[in-house]
Amino acid sequence: MLHIYNTLSRTKEPFKPAHAGQVRMYVCGMTVYDYCHLGHARMLVAFDVVQRWLRASGLAVDYVRNITDIDDKIIRRAVETGRRIGEVTEYYIAAMHADERALGVQPPDREPRATQYVGEMLDIIGRLESKGLAYRAEDGDVNYAVRGFADYGKLSGKSLDDLRAGERVAVGSAKRDPLDFVLWKSAKPQEPDDTKWESPYGLGRPGWHIECSAMSKTLLGLPLDIHGGGPDLKFPHHENEIAQTEGAFGGALANVWMHCGPLMVDADKMSKSLGNFRTIRQTIAQGPLSDTQAEYAVNPREAEMLRFFIVRNHYRSPQNYAPDNLVDAQNALDRLYQALQNTAADGQGVDWSEEPQAQAFKAAMDDDFNSSGAVAALFELASEANRTGSARAVGQLKALGAVLGLLQQDPPAYFQSPTRYSAAARGQGAPAAALDAAAIEARIAERAAAKAARDFARADAIRAELRAAGIELDDKPGGLTQWRRA
């Protein structure tokens, strides 16, 4: 049976959807004002693995992941670049989708945009106001009265007294309490017209937290079976969501809360605010990038390496980014593909009941989506395939890899893609990229001719030349030679 660590209860619990066989899952998505970085990649891949395993377990999943398309950061980007809000958001939504496709992230069943649900947000604000949980401030904003919600802090484990001790009301603030947060922001004269909506409170726009309360309730109803997001959303965003939704409607917002761990860089979380981020496209693009093109050419070997780098780590554990860690991930993924290349698969599906590695894979995934343990089962199968040449083991390896969104490329084509993350490339300036496929095939043909002429010294010299350039040859029965980049 599947068990999930619930941030709310701080324990691992048996997962029981509110409606048998059906899962309503909401994940907080991107604020689209810039390119996605590797920390975003971790969240996207982590919850992609979650929804894949839920479906593989026979559950019907309604997966909603929102887009925040109105926000202070978006407004700043539009003003800085002289573009309309919609131009900014459409471009970065397209860029995000390109990143997701590159990483093998399946699209959510529904992907609502905040600006499509302003009416529903105003309805919730009205409910909160009628219950004394929201008030109109002197500056025209509508704020949530945190003091009126007794359970505030239950998700993050923070008490109101502790929170208030670290807060001060800013000079000129219209808040009654320093912890109160904005539900509706009054329009400012200097802000673009396409950031303003009519409301009972005058022209303005929604606060960030109210957006997810409206979209999750409208599309999935209450309670959600799973609500997820990145590590920095637990507080205040998800805490505020609970206060809004439960304050307005009563009952639980979500039965299970999931948060993936942070991606770390030198002991700090990767984030745009710290300036220590690397974008997804910088990491896996094939060729130059343009700031005017949302789409880009993807190196499929490097893209799968990045997904593998994320999947091999448990989603809740902090993960460290360093170039050498990507090299290690590339080498490990190459070993799995080498096993696939050495032996043809039998084409059979996964036998969960008979195969020990499949059972180990399932046990790991049922234990809070432990993809790290599942990857260990893949290496057991690869080891068996290399040791015995078992077509069954290779078939299981490919089928189980598919559950994690891995190992679906054609092995010869995979190895023919250059990579910046091999040990040779890191140490010698990517020599493997110096020869293109046509040049490599020509050298292989020369070697074959030398072997046919029994000039084995020449054949060995060509192999050595290619190896020095980062190209490994694999001679197969019947005179066929396959190649791969080291």
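Backbone N, Cα and C atoms are what each Cβ position is placed from, and that goes for glycine too.
Features as listed in Swiss-Prot:
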BINDING   Cys28, Cys212, His237, Glu241  Zn(2+) binding site
MOTIF     30-40  motif ''HIGH' region'
MOTIF     269-273  motif ''KMSKS' region'
BINDING   Lys272  ATP binding site
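Within its own chain, the motif ''HIGH' region' (30-40) has Cβ neighbours under 8 Å at 67-69, 71, 73-74, 76-77, 88-89, 92-93, 95-96, 99, 208, 230, 262-263, 269-272, 277-281, 283, 306, 321, counting only residues six or more beyond its boundaries. In the three-state DSSP scheme, Cys28 (Zn(2+) binding site) is classed as coil. Each of the binding-site residues His237, Lys272 was scored by how many other Cβ atoms lie within 10 Å of its Cβ, and the smallest score goes to Lys272.
Annotation for Cys212 (Zn(2+) binding site): spatial neighbours Tyr26, Cys28, Asn66, His237, Glu241, criterion Cβ-Cβ under 8 Å with sequence separation of six or more.
With DSSP classes pooled into helix, strand and coil, the tally for the motif ''KMSKS' region' (269-273) is 0 helix, 1 strand, 4 coil. Counted within 10 Å of its Cβ, the other Cβ atoms near Glu241 (Zn(2+) binding site) come to 26, all protein chains included.
Here the motif ''KMSKS' region' (269-273) has long-range neighbours at 34, 37-39, 231-232, 262-263, 321, meaning same-chain residues at least 6 beyond its ends whose C-beta is under 8 angstroms from one of its own.
In the three-state DSSP scheme, Cys212 (Zn(2+) binding site) falls into the helix class.
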